[in-house]
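See structure below.
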Amino acid sequence: MGPFKSSVFILILHLLEGALSDSLIQLNNNGYEGIVIAIDPNVPEDETLIQQIKDMVTQASPYLFEATGKRFYFKNVAILIPETWKTKADYVRPKLETYKNADVLVAESTPSGGDEPYTEHIGKCGDQGERIHLTPHFLAGKQLKEYGPQGRAFVHEWAHLRWGVFDEYNNDEKFYLSNGRIQAVRCSVGITGKIEVNKCQGGSCYTKRCTFNKATGLYEKGCEFIPHSQQTEKASIMFAQHVDSVVEFCTEQNHNKEAPNMQNTKCNLRSTWEVIRDSEDFKKTTPTTTQPPNPTFSLLQIGQRIVCLVLDKSGSMATGNRLNRLNQAGQLFLLQIIELRSWVGMVTFDSAAHVQSELIQINSGSDRDTLTKRLPTAASGGTSICSGLRLAFTVIKKKYPTDGSEIVLLTDGEDNTISGCFNEVKQSGAIIHTVALGPSAARELEELSKMTGGLQTYASDQVQNNGLIDAFGALSSGNGVVSERSIQLESKGSTLQNSQWMNGTVIVDSTVGKDTLFLVTWTTQPPQILLWDPSGQKQDGFVVDKNTKMAFLQIPGIAKVGTWKYSLQASSQTLTLTVTSRASSATLPPITVTSKMNKDTGKFPSPMIVYANIRQGASPILRASVTALIESENGKTVTLELLDNGAGADAAKDDGVYSRYFTTYDTNGRYSVKVRALGGVNAVRRRAIPQQSGVMYIPGWIENDEIQWNPPRPEIEDDVQRKQVCFSRTSSGGSFVASGVPNAPIPDLFPPCQITDLKAEIHGHSLINLTWTAPGDDYDHGTAHKYIIRISTSILDLRDKFNESLQVNTTALIPKEANSEEVFLFKPENITFENGTDLFIAIQAVDKVDLKSEISNIARVSLFIPPQTPPETPSPDETSAPCPNISINSTIPGIHILKIMWKWIGELQLSIG
């Protein structure tokens, strides 16, 4: 198979597989249903906010409808209201809607982040985003001058979220050279406006025409392009949706392919409409001739958490210590994970189902102890999963409707009748979290999680990997305030021989420490357990349960901040250590790690991507050491270092999202994912997320031919807080299912990953310096075999006819290991490279079996040689009005006459006579 066919094959596989998304959105007869807009629990109660959300969506719907050629509109929206707000008659309990699967989050503005609407987008072009972020101030219309009408801004963000398009402006590079002329970064180029700069000194500001930087040929820093208020151009929404005439997305006919913006960089110069047209939404709809109705809204208020454990006690649970491991994990969940004031019930099943506990509200430690005593202790019989689910629904209905309740379903066995209760599950409104234990658990299990928005996890029989405890530890509430959720600090295991020691440390940072629990498990005999706090004081008092083979220590109050040390000693058995805690304060956001795969199914040879999002509130944590442990059904564990370098699988550098490709499949079936994150000497906190996908801040507008300026956009410059952040966390990334994996030896079908951060600079007037992050032999792993670099004076020829473009001599360029920085200096040959020339450059990496990567992002250099004589004044629309010659004669005692002549904008001639 040739490299081009291989790339197409991988692309097709990617399109066939559904991306992993928590969203409940469905497209039905051109209308989007199931949109969830959640109001953050920390937002003060304000009923007008609900009406403002309704107004925004209602205004956005017809704008979206017209912008997409009468194809899409907003049909119904659920607004999720915090539990702490007063209850009202028209507020109902949610079903599957949670904060976890919310498409839009309304949260208070941050001191550094401001009120800028933005969308989390960790994937590639065309991949759906994570969620839209809005603030109450924005919704209240207090940012109209800065971001434009709320409805239009929402459509801009919706395009990021739903179709994976990017912005067509550039806050860092607002102008570029094209054929020797300065152009504003915009789409389309038909948008006209003024180019001026607003200078402020002391308490006063004034507007002046922009001056040129004679070294670059571009405008000075601070220069802004302000669109005229009266326009005829209709595109583009991803550039300036606030302009009245803009009602469309850029198409291939009017798209500005040369503009250095994220849409061109990420989407291979394609217009936003081309990306939208390739979406599944577009493919399964046709334009409608009827005007859509206004959106409808449902008001949902979060209530108390209701959970029923549905636990397998069939005969197979007696093998491999599974039933005892279930007891250990179940005790952790009941003693530590489940939050106060929650309701918990318990059902077990074999060939039939049995109630172990009706719903009990967790108000004290004794309530927790009561439930732990109901965990199953004997295993026998067959496996009837539907019996367990039906009985769980009955248990819940005795006190509450099943809407919004949660079921934790654990099983290790096969059950070919499980699909018989799928309809009952769908109609219940309950969320089902599944835990598949061992290699024989029912293959239909994941369907229950998918159809209800629950978490799917897998635990192998490899006890030292602590998978079952990790699965139950991941079941903290998806709703409520983050300060009440359990946070896992450590999860570790080891098989010890001959009185060996398992030594280690756990960091308790200042953001956690409440309800801290150390849990130790073993497989045969109680080990020696030694634990010291950061001051060196030995901690005694572990509660030992020899029957369940576990011991735990609850630290009273707030655990001391610092490094806790432990030593565990045993012979011929496997030990595990788990440490959990909660936020130390309701007002100090804890550091959290959220991990996931990009898909819940993987088909060889399509790669998977593992993500870990590390935050303290809205602030990303940078430079942490992050590793993913991915375990297959064979028991083989692969360790991946996750990176936040903006290369390979990672979409953006220094945004707190760490990513890596996974390609080392070894078998078909389930894989579990666990992420470990450590913050030490290098880890730091960033005040805000660098904007990737958001509405453009409007620098000003034109009124009566004069620019009215907004305050300068709040800059996030040098915002990394230098104080190091020390912490330790572990996080379950759930599980995924692989198929199509051939028997060993597994063939090499993985090419190098695409280079996405190619940059080019001119050195002198003839040399070009390239920098990029090295790809690997298999995506972002290993070392590529060679690079192919090609250049062209036509950006489209380079994209569409790469193999026909002029090749650069790279004989001396030896690829480095993946994720290293590459630097290459060359002189363009056999091509005209003179003043005013625009040169475009792209790279392709090749591996040892001649598989080729996708062509890189296209870098651009424009050769500008400063003129010896003043250039002509550019046109007013594209730059500014001509500046008249000014001559000032001044005679001052003791000083010669000073003459100033402005020869051309940007050149100041001084002569002293």
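Yeah, the Cβs are placed from backbone N, Cα and C, and that goes for glycine too.
Summarising the annotation, Swiss-Prot assigns active site to GLU157 and lists similarity to another entry as the type of evidence. If you take the C-beta of GLU157 (active site) and look for same-chain residues 6 or more apart in sequence within under 8 angstroms, you find PRO117, TYR118, THR119, ILE132, SER693, GLY694, VAL695. In the three-state DSSP assignment, the secondary structure recorded for GLU157 (active site) is helix.
In sequence order, PRO117, ILE237, MET238, GLN241, VAL695 constitute the residues six or more apart from HIS156 (Zn(2+) binding site) in its chain with CB-CB distances below 8 Å. The Zn(2+) binding site annotation in Swiss-Prot covers HIS156, HIS160, ASP167 and is backed by similarity to another entry.
Sequence annotations record features per position, and here Swiss-Prot assigns domain 'VWFA' to 306-475 based on sequence analysis.
Residues or ranges marked as N-linked glycosylation site by Swiss-Prot: ASN503 (among others). Within the same chain, residues at least six positions away from ASN503 (N-linked glycosylation site) with a Cβ under 8 Å of its Cβ are LYS565, TYR566, SER567, LEU568.
Reduced to three states, the DSSP call for ASN769 (N-linked glycosylation site) is strand. Residue environment of ASN769 (N-linked glycosylation site) contains 14 other Cβ atoms, counted within 10 Å of its Cβ in all protein chains. Residues or ranges marked as N-linked glycosylation site by Swiss-Prot: ASN769 (among others).
What Swiss-Prot lists as N-linked glycosylation site is ASN803 (among others), and the listing cites sequence analysis. The Cβ of ASN803 (N-linked glycosylation site) lies under 8 Å from the Cβ of ARG790, each on the same chain and at least six residues away in sequence.
What Swiss-Prot lists as N-linked glycosylation site is ASN809 (among others), and the listing cites sequence analysis. Counting Cβ atoms from all protein chains shown, ASN809 (N-linked glycosylation site) has 10 others lying within 10 Å of its own Cβ.
Under the three-state DSSP scheme, ASN830 (N-linked glycosylation site) falls in the coil class. What Swiss-Prot lists as N-linked glycosylation site is ASN830 (among others), and the listing cites sequence analysis.
The N-linked glycosylation site annotation in Swiss-Prot covers ASN835 (among others). DSSP assigns ASN835 (N-linked glycosylation site) to coil, not to a helix or a strand.
Sequence annotations record features per position, and here Swiss-Prot assigns N-linked glycosylation site to ASN885 (among others).
The N-linked glycosylation site annotation in Swiss-Prot covers ASN889 (among others), and the record cites sequence analysis as its basis.
According to Swiss-Prot, the feature region 'Metalloprotease domain' maps to 46-199, an assignment based on similarity to another entry.
What Swiss-Prot lists as region 'Disordered' is 866-885.
Sequence annotations record features per position, and here Swiss-Prot assigns signal peptide to 1-21 based on sequence analysis.
Taking the Cα atom of each, ASP167 (Zn(2+) binding site) and ASN835 (N-linked glycosylation site) are about 30 angstrom apart. Of the chain residues outside the Zn(2+) site list HIS156, HIS160, ASP167, THR119, GLU157, ALA159, VAL165, PHE166, MET238, SER693, GLY694, VAL695 have their Cβ within 8 Å of the site's Cβ mean position.
Cβ neighbour count for ASP167 (Zn(2+) binding site) (all protein chains, 10 Å cutoff from its Cβ): 26. If you measure from the Cα atom of ASN809 (N-linked glycosylation site) to that of ASN830 (N-linked glycosylation site), you get 11 Å. Under the three-state DSSP scheme, ASN503 (N-linked glycosylation site) falls in the strand class.
Taking ASN769, ASN830, ASN835 as the glycosylation sites under consideration, the smallest Cα distance to HIS160 (Zn(2+) binding site) is found for ASN769. Across the domain 'VWFA' (306-475), the model assigns an average pLDDT of 97. Cα of ASN830 (N-linked glycosylation site) to Cα of ASN769 (N-linked glycosylation site): a distance of 18 Å.
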